[in-house]
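Q: Annotations for this protein, taken from Swiss-Prot, read as follows:
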type	residues	note
BINDING	Arg48, Arg54	NADP(+) binding site
BINDING	Arg125, Ser126, Ser127, Asn238, Ala239, Gly278, Lys293, Pro294, Thr295, Ser296, Ser297, Arg319	FMN binding site
Amino acid sequence: MAGNTFGQIFTVTTFGESHGAGLGCIIDGCPPGLELSEADIQFDLDRRKPGTSRHVTQRREADQVEILSGVFEGKTTGTPIALLIRNTDQRSKDYGNIATAFRPGHADYTYWHKYGTRDYRGGGRSSARETAARVAAGAVAKKWLKEKFGTEITAYVTQVGEKKIRFEGSEHISQNPFFAANQSQIAELEHYMDGVRKSLDSVGAKLHIEAANVPVGLGEPVFDRLDAEIAYAMMGINAVKGVEIGAGFDSVTQRGSEHGDELTPQGFLSNHSGGILGGISTGQDICVNIAIKPTSSIATPRRSIDIHGNPVELATRGRHDPCVGLRTAPIAEAMLALVLIDHALRHRAQNADVAADTPDISRSDK
């Protein structure tokens, strides 16, 4: 299987399956001298891990990270950083009914045709459990970006199924199981999700991700545009079916006089570009929206076929998220961080000595 490595300078290679002994990643290209402990990484893993509320999968995993290499006396050495997360709560017997049948909406059918074999236990490597390794790597990237530039990356859920969530303040995001920036709607969301779960069905979600204090100049102007690589990173997350940068699809109904972000000596007057122009960061907040499809694993019987092409009816057993989007925020933050750190290091390699005389107006209002 190819395609398990992300990045050009700050590279992350993930490994492991949902019901294997464990999963993890190898980070190469991390600058030396970054203070790093397992606690720095564990914070984000705890935000992503399963079993944290009745609205997510009840699989119980501690997701305790182990740093195996690349850190000495509390600091990165510049050598590969190996991170390991052991699986402890696999229940593979729940998947016996899909050993020779394909679950609708899953990668079972495509994996079988591509590789001629598949690990059906919990979806194997196609499971969203793989994203724990990305979150671990992203935590390292986030810490370096914060120390180097003061970059802060925040993600929150803006819609669950038909329920739109009003923004009240980022301080609410960590106070509820929905990663919602609104505490007043939590009871409504809990009632809604209880109904979804009891109906043996699932729903999708929409998330907003922002990166503040990003330096001007990250990204390349043609194929490696910053917005293109952000979209690539987000689309690589399980269940993501759409990505918007800045105004996104709302740009269709805007006039050029509205959409183009005007500049003044005091700063930009708007941010419809989402912090990126010509594939290069402007220094404004980078703003991204992603759409998450409904969880494919549901207990409602559905039609499919087995490996011989015979019709079957499948009701997925096991422990699954009725809305996988509720645990996507730390994953999306991690992927944005991995894009930004890689481009920051690429920019430093080529353009470290470049200095423009024009003031950085993105900093004028900070």
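Numbers run from 1 along the shown chain.
Backbone N, Cα and C atoms are what each Cβ position is placed from, and that goes for glycine too.
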Q: In the three-state scheme derived from DSSP, which category covers Arg125 (FMN binding site)?
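A: In three-state terms, Arg125 (FMN binding site) counts as helix.
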Q: Among the binding-site residues Arg48, Arg125, Lys293, which residue has its Cβ surrounded by the fewest other Cβ atoms within 10 Å?
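A: Among the binding-site residues Arg48, Arg125, Lys293, the sparsest Cβ neighbourhood within 10 Å belongs to Lys293.
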Q: Across all the protein chains here, work out how many other Cβ atoms are within 10 Å of the Cβ of Ser297 (FMN binding site).
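A: So the number of other Cβ atoms within 10 Å of Ser297 (FMN binding site) is 25.
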Q: At the level of the C-alpha atoms, what whole-angstrom distance separates Ser297 (FMN binding site) and Arg48 (NADP(+) binding site)?
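A: Their Cα atoms are separated by 19 Å.
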